[in-house]
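Here's what TrEMBL has on this protein:
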- GLU70, ASP124, ILE126, ASP127, ASP272: Mg(2+) binding site (BINDING)
Amino acid sequence: MSGSYENELAVALEAVRAAAEVCQSVQASITPDVLEKKDRSPVTVADYASQAVVCRALAEAFPDDPVIGEEDSAALQQPDQAPFLNRVKEELGKVGIDGTPEEICGWIDRGGQSEYSNRFWTLDPIDGTKGFLRGEQYAIALALIVDGKPQLGVLGCPNLPTAEPWDGQPGCLFSAVAGEGAATWSMEDSDAAPVMVRVSETSDPASAVMCESVESGHSSHGHSAQLAEKLNISGQPVRLDSQAKYAVVARGEADMYLRLPTRKDYNEKIWDHAAGVLVVLEAGGTVTDLAGRELDFTHGRELRENRGVIVTNGPLHSAVLETLGAIGVA
Ligand SMILES: Nc1ncnc2c1ncn2[C@@H]1O[C@H](COP(=O)(O)O)[C@@H](O)[C@H]1OP(=O)(O)O
Ligand SMILES: [Mg+2]
Ligand SMILES: [Mg+2]
Ligand SMILES: [Mg+2]
């Protein structure tokens, strides 16, 4: 079957798979000692290496496309950061990518765009850095935005258990192309055919499964608890890091994902949402901000015209927005 953005999808999937391999290799090196010292160096290395892998692939396949990525190499180029740069080089070597320090920084900085344009990619090389460091969920998130709308999204979730037909082995990918649905792929078996995913049909709020951040600084747990009470939701919220939350809503394991502002001055970043939004929309779900507006990807790095992000299977959306309004969150 041929679809639109076929080449883009193939390139994005391959790039995200390679980035996931690098990230898993770095995550495996995290020892209890590193964790205890609250040493962020593993995520630093993996963030840069992942962005280098993906941006290198995009530069090769789509040299004219700008990339708005989370990271840039400015800090990495400081003399005292040489050990990190060396480790990034080593990790890239393990997946068969050889580059000089200058080339590596050049790949990373391919993601240094910050202005909106008609066609651009946005990349979060590691989304959910706290989850990554805890050895838990994180994602590599890549989306192509054309005329302000996500048209292609790929989420790599290296630690998220696969669903049918791969039976719980860890590591899956999600992809979506606008108008063509959303699919999941095995991370392990790159020859396996994808399987389409679909949101749940839950329409009774009381039986809904909610998911939210592990980190209470990223989404107000107090407000989601109030919402759950109002809607008579008795099940505990599922807490996981990263855009894996969009993935579990897309495949119907959770019915909603709430990202409720914890402070006035934080604007959500486009790379934290673009890929996940398209995966959920194409799986049949609904995504808006607290005011019921679509997310607006036309303002550079930030979703500065939106507040909060509400993701549901669709049937639950209006009840969630209304109730949030009623408890004074919207
Ligand atoms: N104050 C904040 N409010 C909302 N999101 C944040 C905040 N600080 C960092 N983030 C970003 O939230 C996302 C992860 O949140 P969660 O896993 O809880 O959903 C990440 O993209 C993280 O960046 P990063 O990509 O560097 O991890
Ligand atoms: Mg992120
Ligand atoms: Mg990140
Ligand atoms: Mg970050």
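Cβ atoms are placed via backbone N, Cα and C, with glycine included.
Positions of the features from TrEMBL, shown on the structure.
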| residue | record | contacts (Cβ under 8 Å, 6+ apart) |
| --- | --- | --- |
| GLU70 | Mg(2+) binding site | ASP47, GLN51, GLY111, LEU123, ASP124, PRO125, LYS269, TRP271 |
| ILE126 | Mg(2+) binding site | CYS23, VAL43, ALA46, ASP47, SER50, PHE132, TYR138, ALA139, ILE140 |
| ASP127 | Mg(2+) binding site | TYR138, ALA139, ILE140, ALA141, SER242, GLN243, TRP271, ASP272 |
Candidates near ligand 4 among the binding-site residues ASP124, ILE126, ASP127, ASP272, judged by a Cβ under 6 angstroms: none
Where ASP127 (Mg(2+) binding site) falls in three-state DSSP terms: strand
Shell of the Mg(2+) site beyond GLU70, ASP124, ILE126, ASP127, ASP272, same chain only (C-beta within 8 angstroms of their C-beta centre): LEU123, PRO125, GLY128, THR129, ALA139, ILE140, ALA141, SER242, GLN243, LYS269, TRP271
Among ASP124, ASP272, the most crowded of the binding-site residues [Cβ within 10 Å]: ASP124
Neighbourhood of ligand 3 - binding-site residues from GLU70, ASP124, ASP127, ASP272 with Cβ under 6 Å: GLU70, ASP124, ASP127
